[in-house]
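Trainee: What TrEMBL records for this protein is below:
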type     : residues : note
TRANSMEM : 38-59    : transmembrane segment
TRANSMEM : 68-86    : transmembrane segment
TRANSMEM : 92-117   : transmembrane segment
Amino acid sequence: MSYSFPWRLAIAIGGLLAVVMGASAAHGLSHLLAQQALGWIHTAVMYQLIHLGCALAVANSATRSGKFWIVGSWCFSGSLYLLAVLPEHLRASLAMMIGPITPIGGILMMVGWVMLIKVKHAG
């Protein structure tokens, strides 16, 4: 099973976003954001790049793990990026809406790993 164009596009844009956010946090945003926000970006970049790379690695296999990793990394990392760059007054008011997306993304990434274990164990 190979990924259709929208899935490949989600991987490509996600990878680009991770590199842009990582570089911005290391250089352009480092003096504008609090250390906590920079830490969120660092965590988001790491998880997004790892899981999108893994999704590419299983792109031609029968497992659906990659799709869970793609969606999970977008939810997890995307919500952290958004929380990190929002001004403090907006972050406080929107955190109740955006915050729960982060663990949902984490759970989706975990489901992807469990699915991979099941496929490898069954094969």
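For all residues, glycine too, the Cβ spot is worked out from N, Cα and C.
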Trainee: Residue list, the transmembrane segment (92-117) vs rest of chain: Cβ under 8 Å, 6 or more residues beyond ends.
Mentor: 47, 51, 54, 58, 63-69, 71-80, 82-83, 86
Trainee: What residues elsewhere in the chain lie close to the transmembrane segment (68-86), defined as a C-beta under 8 angstroms and at least 6 residues from its ends?
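Mentor: The answer is 7, 10-11, 14, 17-18, 21, 25, 29, 33, 37-38, 40-41, 43-45, 47-48, 51-52, 54-55, 94-95, 98-99, 101-102, 104-112, 115.
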